[in-house]
């Protein structure tokens, strides 16, 4: 869920469920004869998915887990700071918003750095910065320093999607759809791991130890980046065909496949950059505005629900014990949060199944309706089991919405605008993520019903937008 100009690589992952590569024959391989030329993608397709990709999947998945953990910890840090440092609810919301602001403004920097020095180098630098800022956050002396350091964490997270770009450039076309699901699972695994870490660390050692130890996956990833391979496509882009061939030879060796015979040729074209205003041509204006609202609603509702889950548990404690100055998380809270977070796994796979049967528009509309219904039901009773069950369903549904939106969005834009279209939607989504803490953390404190009504209304509005949107050009 991050923003940079290399969306075409992430887009390839999402579109691969529906497209066949024209370079493949009926056996899924290529007819390469001695003396012929071949491209990087042709070679990657022929060499298949093997041990090389298993190692790469684990490395990229570790990076994706770390990103998810940094997002999940926001629901714990804010309420903890309000209790320990007596910050206002506005300051608590600002602590979350500043992370998303950093994520929103940094992708251009990381994209340019990656294009010049390689994604491997950029990811290594990003990992070092995230570990550093994560550890410094754990020893922040006051709220001002914590805000600054969390903003720098958000800025550094802007590089994490470069790992997906690197991953996409190594994937055979026929395996890309499956690997999208794999990365989604790593995201969900990271969220669950952060809650498990909080369960083990927070009650006994506090938030500082939790923040510090949350950097462990990033430290592991950074220490393993020397074994990360720069993509052959990056080498050909920079005129280093010899290095590209070495990378392809390594893939062949690890996958126990025979290397292609012939000369490596360039498989890309340099296109002139398109301006964002292109998306507002008369024939595209309505589609773009509707999609921007859809994506902003996805981010607003997803991250809002992550924050609401923690806030509701603490609010129930405060209502039950009005004499206590503030309420803190305990083991039961983290156990319930673990169950809620675990719902992302069934959410991922159920979304895929429903899309195949009913299509993307109907699936997204149904998911928003279920989300709105669940949020509305949270006002019925304060039973802990009831609240946890409703939040479980809502979290599973909303986590699948981003996946559906990523698949649907490029399919209603012309081919030459798909990358730009997804990029614009992802940028706008950050606005929703930046706004949601002021509802889920600020408004919720003064009026639970008011905050939940806002989320229900946004969900219903987004469901209506899904119906208005045009049908996908590609069948589910």
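Quick reminder: no glycine exception, Cβ is built from N, Cα and C everywhere.
Remember, it's a predicted structure, so these values are computed and weren't measured experimentally.
Straight from TrEMBL, the features:
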TRANSMEM  56-78  transmembrane segment
DOMAIN    56-474  domain 'Major facilitator superfamily (MFS) profile'
TRANSMEM  90-110  transmembrane segment
TRANSMEM  122-141  transmembrane segment
TRANSMEM  147-168  transmembrane segment
TRANSMEM  180-201  transmembrane segment
TRANSMEM  207-228  transmembrane segment
TRANSMEM  289-314  transmembrane segment
TRANSMEM  334-355  transmembrane segment
TRANSMEM  386-408  transmembrane segment
TRANSMEM  452-470  transmembrane segment
At an 8 Å Cβ cut-off, counting only pairs 6 or more apart in sequence, do the transmembrane segment (289-314) and the transmembrane segment (56-78) clear the bar of 3 or more pairs?
-> yes
The transmembrane segment (147-168) in contact with the transmembrane segment (452-470), cutoff 8 A, at least 3 CB pairs, sep 6+ | no
Can you say which of 122-141, 334-355, 386-408, 452-470 has the most Cβ pairs under 8 Å with the transmembrane segment (180-201)?
-> 334-355
The transmembrane segment (386-408): which same-chain residues, six or more beyond its ends, come within Cβ distance under 8 Å?
-> 1, 10, 14-15, 17, 180, 184, 188, 294-295, 298, 301-302, 305-306, 308-309, 312-313, 316, 336, 339-344, 346-348, 350-352, 355, 360-361, 363-364, 367-368, 370-371, 374-375, 377-378, 380, 422, 425, 472
